[in-house]
Amino acid sequence: MVNYKDLGLVNTREMFARAIKGGYAIPAFNFNNMEQMQAIIKAAVETKSPVILQVSKGARQYANATLLRYMAQGAVEYAKELGCKHPEIVLHLDHGDTFETCKSCIDSGFSSVMIDGSHLPYEENVALTKKVVDYAHQFDVTVEGELGVLAGVEDEVSAEHHTYTNPEEVIDFATRTGCDSLAISIGTSHGAYKFKPEQCHVDPATGRLVPPPLEFAVLDAVMEKLPGFPIVLHGSSSVPQEEVDTINQFGGKLEAAIGIPEEQLRKAAKSAVCKINIDSDSRLAMTAAVRKVFAEKPAEFDPRKYLGPARDNMEKLYKHKIVNVLGSENKLAQLD
Ligand code: G3H
Ligand code: 13P
Ligand code: ZN
């Protein structure tokens, strides 16, 4: 049993309370490898932002759960080495699917877990989430629950269509489960293909496809029912067109990849949305940089020569999100 406090990590409670009050959101970036982790920590340190390092079930399978935990422990020391005296880093399980997975993360030093029972019948979601909360709170680990289903694929949780969160359920869910934050469905979805071109209109100024807006009415209704309660948005990549263009220019084939416009996320971040999940954009930034090196320097075979530029490109992306989209720059509790 390892407690996250001994690793220098923090849970989400205080940072979410500050984010809601301050009208910004905490970035929750997924990581699967060292370069992503380094880029996230460098971006967070340089912008003096709190940050959530999140690990999916797939990431645990890919990289090994123990190694990821030690990497997060290393992340705290790395942040200090980079000059941040009081880093605020959360190690969070993304889309936990069972009580056992959540328990295993809590026992190995995670400071926050998500239990995703959104695909279950309501009462089963309540019971599973409450079971995780009851265990997690013994160790002061915070828990994210989910109500409503995002379109697309959530690890093994799949849904053909959105089922927007029903605002009538949120008080009962939050009260009975005791969860610390709630992920809701308002039109975001996972991956790089969030909308079909036929759902979008063309912006005459840029010629780009503009997707329909998020369902802010659902968010408003949730906030009215649960004033001041931390809300989470999954599936919040914006799918930067320049990264998609670079990938396609250098041999990739991403067709009609469309994300959530950043202005929509900026608007959400000013409300009770205090955690915004971004994974696909980092994958795009990494892939674009690697493809560019491979195309321009075909003789290169030192991984540092293509993973280095990939890391730089991801760092640039993370900083942009923090500064221009989420607004969490300079929001560490102690800035010295
Ligand atoms: O929500 C999904 C995240 O982007 C994690 O994706 O399960 O492929 O690691 P993954
Ligand atoms: P994206 O696929 O939009 O980056 O969403 C990531 C996410 O929600 C992780 O839980
Ligand atoms: Zn997600």
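Backbone N, Cα and C atoms are what each Cβ position is placed from, and that goes for glycine too.
It should be emphasised that the depicted structure is a prediction, and the values quoted were computed from it without experimental measurement.
Annotation comment: TrEMBL describes D94 as active site, proton donor. Note: D94 (active site, proton donor) has non-local neighbours A28, N30, Q54, V55, S56, K57, A59, M114, N277, i.e. same-chain residues 6+ apart with C-beta under 8 A of its own C-beta. Annotation note: D94 (active site, proton donor) sits in a strand segment as assigned by DSSP.
Other C-beta atoms found within 10 angstroms of the C-beta of H95 (Zn(2+) 1 binding site) number 26, with every protein chain shown included. TrEMBL lists H95, H190, H234 with the feature Zn(2+) 1 binding site.
Residues or ranges marked as Zn(2+) 2 binding site by TrEMBL: D116, E146. The Cβ neighbour count for D116 (Zn(2+) 2 binding site), using a 10 Å radius over every protein chain in view, is 29. DSSP gives D116 (Zn(2+) 2 binding site) a coil state; it is part of no helix or strand.
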Binding-site residues close to ligand 3 - of D116, E146, H234, only those whose C-beta is under 6 Å away: H234
H95, H190, H234 filtered to the binding-site residues whose C-alpha is within 10 Å of D116 (Zn(2+) 2 binding site): H95
Distance from E146 (Zn(2+) 2 binding site) back to H190 (Zn(2+) 1 binding site), taken between C-alpha atoms, in Å: 14
